[in-house]
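According to Swiss-Prot, the record shows the following:
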{"type": "BINDING", "residues": "39, 176, 180", "note": "L-tyrosine binding site"}
{"type": "BINDING", "residues": "239", "note": "ATP binding site"}
{"type": "DOMAIN", "residues": "350-417", "note": "domain 'S4 RNA-binding'"}
{"type": "MOTIF", "residues": "44-53", "note": "motif ''HIGH' region'"}
{"type": "MOTIF", "residues": "236-240", "note": "motif ''KMSKS' region'"}
């Protein structure tokens, strides 16, 4: 490990956030003598951010905790274009109303991790639509576009991958990297920003911003990326059988979020405690050292602490209690995720495949059939043996619900409405 002078870089390194930096020595010197103002951008492509965004959010959290100033940049402008990074097809163009609605929906996530206000190191939230929508096209070409080499842009991974696969790359997407670079320059001018952080897939775009700042005469700018989120087995994190692990409780119940962290691989527990909780490093070391069945206790701590950061301590403890009631006592907890089903639908017989899909426990009827063959789906703790099974009021428990389960840890209660 490198011995940095600044608390900021030492903290990020100790907890495993650092992947690449444009100039470690220069950034460390700056952070050790002055306040760093850093930003991370978030496009508004969905009503919620997901677990994949957490690394960069936690980087901003530790930036602020070490006395520096974070900027959460909403991509109200860039979302109108669409980031081609990591995409093998053109993003769907969203309406302006949908982008605005998504932006409002994700704003609250940052309030859980950052302190906003007018203080010296209080966080700022801004939207690149403020300047991107006011740009004059001809002036943009003359003042900004002339600094970009098509030759270099064609070597960017996001562009090269699409071209090599002979997949269409629209002109509007090709311009995304120019807009992101300009964001950096604009934030440097408006807020004295001197660092952009993001995932390693954004490295090329961020470095382009550093270079554009130099060419346009801003102060020295820096780039810092975190690794992409993967499990110890190399699988990309952030997805379950039911879809993305959303951060908004309206899109993923708190209990499911808790269970996501409870179910991580044993080898990932120590690393994820460093990245996704604010527990002291000494306590993390003790938890990471647990072996055998004891590692499950560390997983419960990870799940509760990660959930508490996002949804609050009370909700995290409630999720932990629900898991304890469900698994250790074998009871049906009222805190399990619920799905209302019309009484008329149940009375006429509801197909089990469609109900498991509707409950979010599987992604499709085909997956439900595969799970049934493997004994993975249960109704009221009894394995489903027939994919043509229908549920009726006869399946209601004394509590007036039907318990759907996939595996041992994922449950949804059907409640007649």
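Using N, Cα and C of the backbone, Cβ positions are placed for all residues, glycine too.
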Which residues does residue 39 (L-tyrosine binding site) neighbour through Cβ under 8 Å, counting only same-chain ones at least six apart?
70, 71, 72, 73, 184, 187, 193, 195, 196, 197
Cβ under 8 Å, sequence separation of at least 6 from the ends of the motif ''HIGH' region' (44-53): give me the contacting residues as numbers and ranges.
74-76, 79, 82, 91, 94, 99-103, 105-106, 109, 199, 228-229, 237-238, 244-248, 250-252, 260
DSSP says what for the motif ''HIGH' region' (44-53): how many helix, strand, coil residues?
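Split into helix, strand and coil, the motif ''HIGH' region' (44-53) gives 3 helix, 1 strand, 6 coil.
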Quick one: largest C-alpha distance among 39, 176, 180, binding L-tyrosine per the record, in angstrom?
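Across 39, 176, 180, the widest Cα separation comes out at 17 Å.
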Summarise the domain 'S4 RNA-binding' (350-417) by DSSP state, stating how many residues are helix, strand and coil.
19 helix, 21 strand, 28 coil
Need the DSSP three-state call for residue 39 (L-tyrosine binding site) to compare against my parser.
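The residue in question, residue 39 (L-tyrosine binding site), is strand (DSSP, three-state).
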Give me the count of other Cβ atoms within 10 A of the Cβ belonging to residue 176 (L-tyrosine binding site).
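I get 21 for this one.
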Inside 10 Å of the Cβ of residue 180 (L-tyrosine binding site), count up the other Cβ atoms and send me the figure.
27
Under DSSP, is residue 180 (L-tyrosine binding site) helix, strand or coil?
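Residue 180 (L-tyrosine binding site) sits in a helix per DSSP.
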Note the mean pLDDT of the domain 'S4 RNA-binding' (350-417), expressed as a whole number.
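For the domain 'S4 RNA-binding' (350-417), the model's average pLDDT rounds to 85.
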